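Engineer: Straight out of TrEMBL:
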ACT_SITE  A:326  active site, proton acceptor
ACT_SITE  A:327  active site, proton acceptor
BINDING   A:129, A:190, A:213  NAD(+) binding site
BINDING   A:236, A:258, A:261, A:327, A:360, A:414, A:419  substrate binding site
BINDING   A:258, A:261, A:360, A:419  Zn(2+) binding site
């Protein structure tokens, strides 16, 4: 853990180390992924089944690629009632927030007599990738599927790897809560290839979302352009701005909730009271003694954790904006006035009783958020990822008379004479 | 030009040829672009000046990288008054439409007592790339800069290559109309690198937009993630749906307005009357005899142009949706009812007097649009490209009591115990 103070001479240089990219340096998997995509495009289901045998030790035929309705029901029914209630509450809150997010169409006739419009249209089909094994989080299924559903996407196809054929009851229960019933037990680059280009069994989609390992991320990069993709997530991060009126243990637990995700995760406390910060750091050490994921959380805190001591909250806001962090907790007396100074954050959590974990599950806003300082220009997942806009212009003779001559003049200036003629020939005919 | 009829047996296979990707197969410029970016990151302005000497035959120093206010004024003043009026009209219409597009923030308190919000925030700084030479279109400056300005972006930095030191009066006039005064006479991958990473003279931006050659496109791909980029545009296209009550010459000119952009452009007529289509084809041939850009337009029409004869307008709409074209003209008696059947189009032009060229210059909606069938999932440039969203959750003790237990249960099910504790420790303290 690093300890910084804004009143120290080397603050800027030490801050820039903290702001540096934490992404793992990965050996390139571009070549094997290219081969997998080519094989799936050429051989369709056969390639999908072959790769699944090889990578997931699971023999499939085109008939068993899809998880049947019976299997989904059988697995989902294994989830206990209390957990099912929690999933349902989460889904209902996520759905409500994303429904509130839905944008309105635009249409108006202006003084020149042109009618201008903009219409939001849901994508026809979306592919949702869900990682297998330990990273198969049911909450991610909700956060990816529900915005698509609310946007009005007609078809949501899910791919989830099932190593050794083992199905994940919670993931299938989450899918059922979201009304997703088209689920294939394939993963990796081969699943992304199937969703992008289609096979006899899996029809192609228009956009692929959801997290995955390095092969999945590279496959999404390679199919991008043919279909849309979401952003490639980096390691997670939180900045917590807290005064000394907070319970140090709560702040420590919030820091550790971030750190337990990943050794590359970053948890940062910004406060104006060094003594309070020391109590938080002690509480972190105490909790690490009993935390199940202490190995991961401890390494994240040691390597990337930080405490920043500021003189005042204006300074804290400026530093939080520099971090442009995925998550920002504001544990101050008047969190809203602090939040008004924030320009860059994926999601903000206001108040002493609003840990980031609220937003991971049951808050309502999406938990798929921009990492690695990309909140400077990027946003969390939303209904906007599953809608596209088309604009319309309607002009009658008078409208064309109002704007056509200027258009023809600009077209000629740009050397585009057919453009100019398409306007001026009509204007001539109208007289 | 291909002639297709939906009532012929080989229609589907011939249509899929038309729908195939027309992007030019480019030799990869990844390696030289990587070198250029590395040099600009290491040597800053020195590398920028060296590359500009080499590629643009223009000797610069850090002091002359930026085009001065005097130079902008002197060049822009060369534009004649009528053309200046046309630029101003175009700018005012584009600005109005994008202002209407601005989204509203969201904030509400729900029945659980949580206050949920979503705030749209403009990017701090945007880089606008403007190609040099013949592709330096003033209309593109308006279409890229004005949405950024309307969104509230604080700083817009423009880069435009000036081979042999020649400045383009129209481009500088367009920049002045948009209030863009930070303009550098550098281009290519080196300009993109400078905008992404900054040099002593050019401060870095958060997102880079605007068209460019293969080096510029590759440089944008390589800096993506560190900054945001817009989509990489493919060759342009139009689908025109027209009945036989249209003047064939107008339809022909609209097809040619698309074809004159690029030999890879695609212009398609869909109609229900083969005799009318033949008259349009004849008019295309006639216009090609006198059109200044006949060589380009003729090759585009020969290689990629098409006429599709349909039985009815429902069939026409289905085929237009398959094309998911950048531009769609609807020259029918009731264009709105046809447009209601369209799910995939970058921009739609309604009526016999609304050629696509209206939208290129003076309509108001943006002319930077998704190409190559990406309108299935992508949208035209807009204020949304220059805004990002941050969501907020505010919870007090009662809010946490309402949703916290479900959150803790889900966190435990996912094996994330610090997440669960961050909720349950507070709930325990609240009692």
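The backbone N, Cα and C atoms fix where each Cβ goes, glycine too.
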Engineer: Given the recorded positions A:190, A:213, A:236, A:326, A:360, A:419, which pass a C-beta cutoff of under 8 Å against chain B? Sequence order please.
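Structural biologist: Correct list, in sequence order: A:360, A:419.
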Engineer: Which residue, of the binding-site residues A:190, A:213, A:258, has its CB surrounded by the fewest other CB atoms within 10 A?
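Structural biologist: Ranked by other Cβ atoms within 10 Å, the binding-site residues A:190, A:213, A:258 bottom out at A:213.
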Engineer: If you count other Cβ atoms within 10 Å of each one's Cβ, which of the recorded positions A:326, A:360, A:414 has the most?
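Structural biologist: Within the set of recorded positions, the most crowded position is A:326.
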Engineer: Report the residues of the chain - excluding A:129, A:190, A:213 - with C-beta within 8 Å of the mean position of the site's C-beta atoms, for the recorded NAD(+) site, in sequence order.
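Structural biologist: Surrounding the site, in chain order, are A:131, A:159, A:161, A:187, A:188, A:189, A:191, A:192, A:212, A:215, A:216, A:219.
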Engineer: To the nearest whole angstrom, what is the C-alpha distance linking residue A:190 (NAD(+) binding site) and residue A:261 (substrate binding site)?
Structural biologist: 26
Engineer: Here are the recorded positions: A:261, A:327, A:419. Which has the lowest count of other Cβ atoms within 10 Å?
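Structural biologist: With the recorded positions A:261, A:327, A:419, fewest surrounding Cβ atoms within 10 Å: A:261.
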Engineer: Counting only residues 6+ away in sequence within the same chain, which have a CB under 8 Å from the CB of residue A:129 (NAD(+) binding site)?
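Structural biologist: Non-local contacts for residue A:129 (NAD(+) binding site): A:158, A:159, A:160, A:187, A:191, A:192, A:195, A:208, A:209, A:210, A:211, A:212, A:216.
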Engineer: Filter the binding-site residues A:213, A:261, A:419 down to the ones within 10 angstroms of residue A:327 (active site, proton acceptor), Cα to Cα, kept in sequence order.
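Structural biologist: So the list reads none.
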Engineer: Between the two most separated Cα atoms in A:129, A:190, A:213, the residues recorded as binding NAD(+), what distance in Å do you get?
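Structural biologist: Of all Cα pairs among the recorded NAD(+) binders, the widest measures 13 Å.
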Engineer: Work through the binding-site residues one by one (A:213, A:236, A:258, A:261, A:414) and name whichever has its CA nearest to the CA of residue A:326 (active site, proton acceptor).
Structural biologist: A:236
Engineer: Residues with Cβ closer than 8 Å to the Cβ of residue A:236 (substrate binding site), same chain and 6+ apart in sequence?
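Structural biologist: In sequence order, A:258, A:261, A:262, A:265, A:266, A:326, A:327, A:371 meet the Cβ cut-off.
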Engineer: Rounded to a whole number, how many Å is the Cα of residue A:360 (substrate binding site) away from the Cα of residue A:213 (NAD(+) binding site)?
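Structural biologist: About 20 Å separate the Cα atoms of these two residues.
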Engineer: Please give the maximum pairwise Cα distance, in Å and rounded to a whole number, for the substrate-binding set A:236, A:258, A:261, A:327, A:360, A:414, A:419.
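Structural biologist: So the maximum pairwise Cα distance among the substrate binders is 56 Å.
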Engineer: Can you tell me how far the Cα of residue A:213 (NAD(+) binding site) sits from the Cα of residue A:414 (substrate binding site), in Å?
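Structural biologist: Answer for this pair: 47 Å between alpha carbons.
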